[in-house]
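In what follows, a structure is listed as structure tokens, so that the remarks can point back to it.
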């Protein structure tokens, strides 16, 4: 039976394959092969064949593709500057388990029950509107198998906030867009003091930048960084929450891609914050790090993909002093 199905799949392949000529310009940031001391290596994305559910049910030994057709819609979204086509401009940091929403795109890690990264495009329109946060509810993501998703019960009594990677206030233009930010595939266990204070200030700053920049692309995600132990070695250790073992990140990153006026390139800012209380008045500039730091720690790549859209990248380091690099 499976031989018959495989033969049929060869017949379907030209029709079912993803049109990579459309996606290649945007879906270009793949997971790096190494994290840490060595340079991160780019894993070349492969063209995955999309198999109809009916065929999968007939031959269960066939692997389920990690990228589903429903998750790779390339039509423009209903919101201002939203939808995968608009968000693709500087590439996706990886290609697996992509979830498209009205105003953001996310890559999900079923092992940690967390988003790997969340990509948004902010402008003055999408952060304005009458959407009411009190009408939104945290909820499970039905697109993720129940074995691999977090639940509200996992967070209950944990001492951690359900922290947004795509902030709810970034998507006031539509109540349904704001509701999407409450899907647990956009949520991480976050220290409540961090979430409500310094991290909130960073989110507010991202929105304020829309006054000076036409578009602000934001990529946010968790990090799991090593710490020295008494035996002199470095270990990555973290607690997990609830029945589903939702991982608690040690740190978070946020990368900002700010479009400069008149097509002069982009300004790049990257921040890393520990998942613990931080004095409220700590300047945000203290958390600026070189983009390479985020690339090494996350296994994601940003710069070489941004270079495909622009040759002028202005990187911002400490004291908000830009350094222009032309590649």
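Positions of Cβ are set from backbone N, Cα and C atoms, glycine also.
Within the set 21-43, 44-66, the record from TrEMBL flags 21-43 under the feature transmembrane segment. Within 10 Å of the C-beta of residue 164 (active site, proton acceptor) we count 23 further C-beta atoms, all protein chains included. Across the structure, residue 164 (active site, proton acceptor) and residue 195 (Mg(2+) binding site) are spaced 9 Å apart at their Cα atoms.
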